[in-house]
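According to TrEMBL, the feature domain 'MIP18 family-like' maps to 7-76. If you look up TrEMBL, you'll see 83-112 marked as region 'Disordered'. If you look up TrEMBL, you'll see Gly126, Lys127, Gly128, Gly129, Val130, Gly131, Lys132, Ser133 marked as ATP binding site.
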Amino acid sequence: MTVTREVVLGEISGFTLPDGRSLGEADLVRALTVDGGTVRFVLEVADAAAARAIAPVEEEVRRRLLELPGIEKVQIVTTAAAGAAPARSSGGQGQAPSLKLGGHPTAQAGPQPIPGVRHIIAVGSGKGGVGKSTVTSNLAVSLARAGLKVGLLDADIYGPSQPQMMGVSERPASPDGQRIEPLHAHGVTMMSIGLMLKPGEAVVWRGPMLMGAMQQLLQQVMWGELDILLIDLPPGTGDVQLSLCQKAAVTGAIIVSTPQDVALLDARRAIDMFVKLKTPVLGMVENMSVYVCPNCGHEAHLFGHGGVRAEAEALGVPLLAEIPLQLEVRLAADSGRPIALDDGIVADAYADLARKLVGMGIV
Ligand SMILES: Nc1ncnc2c1ncn2[C@@H]1O[C@H](COP(=O)(O)OP(=O)(O)OP(=O)(O)O)[C@@H](O)[C@H]1O
């Protein structure tokens, strides 16, 4: 059985809520997606008390969904309606963050620069898991190694991974409850939505709340003087991309893809979105390009070869880099020390990419 959105809705609609209504009748489920083995949705309740009352039902729902074939992860976030105190997401422990992200956006006249930040570069991908966050962290440290002042904003609201990849876990401080002090790692000034959440906590915001959160991350973080701010976007073509391009004066976007056809198809959509948002596409990066056997030096193209180059040519955008597939890349990312900090073929590929951006006059 393929688990679709409809299958999930069918499974959960009958659960009884504390007020006696069924989940289906109460119409609380929002933004339900099934992405591979992951089910995500929001339970939108009236206020924080209702959110607390619904927690046991949420657990039963989660258990039921995890019994469905192929479902490995269920992310449920309970949100209170606008104006009410925000509820914690499922699985969270302890106190809520002192700085609340995700409020409504304030009015602003078109995309704004960030004071002190010369260039904002978005790193996007059409598909999840192609290595966009890995590319962003490695590019950030390469640019920093090249002597530039670099910032990194992890705006991957649904799966922030930069804290782990950059090896930071501190909760950012605020001197006044308004401004947010960024953290520093490997010569990069960074901030992640993940640093405002408890471990394992997920956030699902939509529309205006998402826009408000993006605006806060861009404008309330004390970025200081930066040559370049890299923004690690969620995969796909959603509200975050839209918010970013509407709120911030983005210099351009880099699209990461693997050479596989399916990833390329999605990359094309991502490029099309940036074109529609009038954000220049600076080029594409092929990640997991070639696997070089560490024992015998044999080269294998696990995800195909040359796909991104051909696509970039067809779309008339530069191919900026081909990053090899290497176990060490993942190990380095998992250990919080991006591989581009050391020397080797992957670090060289990132150094080239950094040089290309500098050569393009981007930074
Ligand atoms: N060149 C590479 N060689 C080996 N492993 C890699 C490479 N690039 C990325 N990875 C690994 O692949 C996994 C997915 O990478 P990453 O999280 O950067 O993808 P993503 O596109 O940002 O995904 P998502 O947007 O879904 O969060 C990670 O475990 C990462 O360490």
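Each residue, glycine too, has its Cβ placed from N, Cα and C.
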Among the binding-site residues Gly126, Lys127, Ser133, name every one whose Cβ is found under 6 angstroms from ligand 1, counting any of its atoms.
Ser133
Just to confirm: which same-chain residues, 6+ apart in sequence, have a Cβ under 8 Å from the Cβ of Lys132 (ATP binding site)?
Val123, Gly124, Ser125, Asp156, Asp232, Leu233, Pro235, Val256, Asn287
If the ATP site is taken as the center of the Cβ atoms of Gly126, Lys127, Gly128, Gly129, Val130, Gly131, Lys132, Ser133, which further residues of that chain fall within 8 Å of it by their Cβ?
Ser125, Pro235, Val256, Ser257, Thr258, Ala263, Asn287
Within a 10 Å radius of its Cβ, which of these binding-site residues (Gly126, Gly128, Gly129, Gly131) has the fewest neighbouring Cβ atoms?
Gly129
Near Ser133 (ATP binding site), how many other Cβ atoms are within 10 Å of its Cβ?
29
Using a 10 Å cut-off, grab the number of neighbouring Cβ atoms around the Cβ of Lys127 (ATP binding site), all chains included.
20
